[in-house]
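What TrEMBL records for 1-30, 139-164, 179-242, 338-365 is region 'Disordered'. TrEMBL lists 186-196 with the feature compositional bias 'Polar residues'. Summarising the annotation, TrEMBL assigns compositional bias 'Low complexity' to 217-228. Annotated domain 'Zinc finger Sec23/Sec24-type' per TrEMBL: 463-501, in sequence order. Residues or ranges marked as domain 'Sec23/Sec24 trunk' in TrEMBL: 540-784. What TrEMBL lists as domain 'Sec23/Sec24 beta-sandwich' is 789-872. As annotated by TrEMBL, domain 'Sec23/Sec24 helical' applies to 885-984. If you look up TrEMBL, you'll see 1005-1077 marked as domain 'Gelsolin-like'.
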Amino acid sequence: MPPSSERSTGRPARVTAAERHSPKPVGCSGAQTPALWRSLTWHSAFSAGDRHKRTLPRYYSVSFWHEERAQAGMGGYQGGFGPPGATQPLYGHYGGQAQPFNAPPTAGMMNGMHPAPASAQYGQIAQQNGAHPHRFAAPPASAAGYGQPPQSSYNNMAPQPPPATQQITNQMNALSMGNYAPGPQSPVNTGGQQHLQRPAPVMGQPQMHPQSPPMSPQMTAPPMASTPMSPPPMAGAPPMGGPSMDAPHMAGPPMGAPSMAGPPMGGPPMAGPPMGAPSMGAPSMGAPPMGASTMGGMAGPFPGSAPGVGGFQQAGLGPQGYPQQPGQFGGHMAGPQPGMPGMPGGFPSGPSQLAGPPQKKLDPDSIPSPTQVIEEDQQRQVGKLYVTDVRGQVPPLVTTQFTVQDQGNASPRFMRCTTYCLPTTADLAKQSQVPLATIIKPLARLPANEAPLHVVNHGETGPVRCNRCKAYICPYMQFTEGGRRFQCGFCNCINEVPMFYFQHLDHMGRRVDFNQRPELCLGSYEFEVTLDYCKNNKPPNPPAFIFMIDVSYNNIKSGLVQLICNELKTLLENLPKEDGSESSVIKVGFVTYNKILHFYNVKSALAQPQMMVVSDTAEMFVPLLDGFLVNYQESKAVIYNLLDQIPDMFANSNESETVFAPVIQAGVEALKAAECSGKLFIFQSAMPTAEAPGKLKNRDDKKLINTDKEKTLFQPQKAVYEQLAKDCVATGCSVDLFLFPSQYVDLATMASIPSHTGGSVYKYINFQVETDGEHFLRDLRKDVQKPIGFDAVMRVRTSTGFRATDFFGAVHMNNTTDVEMASVDCDKAVTVEFKHDDSLGEDAGALIQCALLYTTLSGQRRLRIHNLSLRCSSQLQDMFKSCETDSLVNFFAKSAYRAVLKQPVKSVREILVNQTAHMLACYRKNCASASVASQLILPDTMKVFPVYMNSLMKSAPLVASTELPTDDRAQQRLSVVAMGVEETQLLLYPRLVPLHNVDLGSEALPAPVRCSEERLSDCGLFLLENGHSMFLWLGQGCPAELIQGLFNLPSLAHLQPNTSELPALDNPLSKKIRSIIDNLLEKRPNSMKLQIVRQKDKPEILFRQFLVEDKALYSGASYMDFLCFVHREIRQLLS
């Protein structure tokens, strides 16, 4: 273990205060909410004369033209913020209730005019550093259900609207297309990096970037025939893609999506025919389903409704298990019934739906596109070198290919922040609601064109560090008195320079050896450490890999055991090793088990392997020490002999019960006896039901879904497993779990040990060697061969004024400062949240140092250091200009997935919506120029933030649906907790690539398109992947030559269902497509099983779940609907 100074000494522990007051009620009556959105217009933040002034923030604005009478609630989102007095905590230290936004911005509320101090809302209850039991407190019982509008006892007294034709004339005259919004004029902090960015595109005018396709100057929709999501209009009827313009009281946010937390909102209650339309004597069948709005692409058919044209959900028919909901007037919400005449998909054809001229359709291309943002950022980095010599510099996006030159700050491959400019005070941070966090991937891979980290050796005294805060020597230390002393940049302590480290200063006050010492001129480097940093003051032994194979009946019958044994013969030849080493020094061991455990002696001196059986699983021990963990090269012959015999030894086994906890305990005991750290590779077939410690029972109760007890499905069963996780971390024993179940296995409990030890979990449901074998073997190879460190301890230090308080990752915390990991590999990331202790200085900035103490693959103890300097500003606009959307989403995903352990899923989604609205409302009030209330103002750095947040709320852990397997939800929750920024970005916005017109002569991947069904074409071929799943989608109209070139089949009809691989054909098209797929599989941390789906086949439903801009299959609104809803919430906050 490292010395006490590294593990427990440093900045003295502080006790801070953090009181969360209930917010003042925000007016949110349904009668005041915007309703019928007619059009969008985008405006640049720059006026024509200010287009080149870089002191102004960039933002985008959207004009929502609306009626003011609307039913609250939208497509699965709660109307407003609940009833008066309801409170809802938000995520992050600064995610508590913000000061109310008393009025919309005026000309006097420019950027830089930050709000009055909010000290009364911050820092009142003393609590231990890092402990936040209050943060995820459940909402009051009176809070309105998510997606349920407030019920009113009053009748609709709204005046009769003008005729439909007059309404359209008024609305069209009000449209403002192509103007510039005047930019704010207050000064900004010019001490840091000024970002030279182009002005925002103006709606209705071509993009200013040559690479971007021009937008149509008209806001009209494409022809209805080309829009698969909308049924064709009937004679004399408005298009069914939106609500009728002659019925104002029907307007409102789209209501057709199944509720994310309750019954579906089929539409506003309709007691009679729509206002403004004649009744014709027929009983009204209600308004067209609000989900039919064309403001967003729809997903596939919804549960409980027959798919109509474009897959619209029928009004009144919600997700399975939910009855129709009573309306405000006492009766059920009227809606079309199956079998009624009219439009496909259940649209009624009564005369009340036929009046009025066609409505203008909203153009989906007018809202921010992640694919366009990604492409533009990549274009800006072409031919450029990213140099890390500027404090608070915002790096390229994680999706951008770029080369880093380290000149004093850590590469963004190692550290990324939610914002690179911190607010100077806690009050400003509280007002902004933006979490202050960094995502650290300490062992991240570096591309071949970047130099590996330098290793520094300071001799027997160990690394030079500050005597007070224990920060390690770095570029932020200031040398004084001719080089005899240095001032710590973190705590300002004056330290004596050790004699061996003394060097004179030049005329600029820098050491003359500045450029020769990596620790003084680079942001990332490593130290060789002394025995003081080792356990028991002894050098560590090389780590060990133990392969533990379940040989119960299911694994034998499926052929998995034979497959594993055959693969290990070649895999062990490629064990990971240090750069420059000839061979790996990792030791290996083997265990098989079902109800009992079998240990194998594979000592090199033996002619045959020896088996030793332990049947008493209650008191686990290792029956042999010498010969269990061996060097593979020395015992290669004996190991080969063993791997040949294992399948035959258990070929006739009928034992179906297995154990699990004793298997891990055996691995821990073996590593303890060998005095080394290591990793267990466990191949488990089913839930452990044998009588032994850690026996589990089926607790998968679907009745808990959508209740306050749903959180118990994510909570692991503790007792044995909690203590076992602590033992693993103390020993340096990491666990990687490969599961091959055919039914529920309580993954939330079984995966709790890997998730606390830096391990990974892989699951292959209903495993078959023929279809899943290669997918599993790719995962196993990646897992065994990836760079990794063992027995790791990480400490994050900061300069005065703020500190690290909360940590998210596959880690274990014995105290509030030391992050312990039994292992940490190149793909594992830790998200660290910060909190103010005091005000920060704009001149001094903010410093972060991450120190990771770990054991290398060769058994050497190393200390890896990453340093990062950030800007500080008293202007909120500077903070928003330096935000990074991908890092923000990473933080919110991990916060939400942790919160579901303590809160109902419904409450977690509400908090995410509320905080999104609060952040954007703060930007509009304090940073944007004065504008009309109908404009949605988005910061340029966060213009695609809503699409990621909407996708997060539609992810499996946050969707309360009985259709989703509990194990799948638990696995995604645990895997995201350890993800880096790049992985969460891809997971929440999959890459959809058209391949039907791929350039066979180009090495570049075709440009991705937006993740929506509207981007698919009947004659197209599309590849979709999100890092965990991969689909090849084939349109019904695919040309015969395309099918012939890929599958050697005459037509698509000859393609067999459930095909999972492309045949290796000798033609340019087949080679190109297979090359693209192979490159993606190689690039991603996990393997992905290719699933080939044909348009309108049953498996296509699974594919459509990944089209995140559309309405979700089980729950959740489209991107367009969510954007409109957030705009309404912002208006309520500002009113």
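Backbone N, Cα and C define each Cβ position, glycine as well.
All TrEMBL annotations are machine predictions without curation.
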Subject >> Secondary structure content of the domain 'Zinc finger Sec23/Sec24-type' (463-501), with strand meaning DSSP E or B >> reply: 6 helix, 11 strand, 22 coil
Original post:
Same-chain Cβ contacts of the domain 'Zinc finger Sec23/Sec24-type' (463-501) under 8 Å, 6 or more residues past its ends?
Top reply: 5-6, 9-11, 408, 456, 509-511, 519-523, 527, 529, 797-800, 847, 849, 851, 863, 865, 867, 869
Original post:
In the domain 'Sec23/Sec24 beta-sandwich' (789-872), how many residues does DSSP assign to helix, to strand and to coil?
Top reply: 0 helix, 55 strand, 29 coil
Original post:
Over the domain 'Zinc finger Sec23/Sec24-type' (463-501), what is the model's average pLDDT?
Top reply: 95
Original post:
Could you count the residues of the domain 'Sec23/Sec24 helical' (885-984) that DSSP puts in helix, in strand and in coil?
Top reply: 68 helix, 5 strand, 27 coil
**OP:** Could you break down the residues of the domain 'Gelsolin-like' (1005-1077) into DSSP helix, strand and coil, giving a count for each?
**Re:** 24 helix, 11 strand, 38 coil
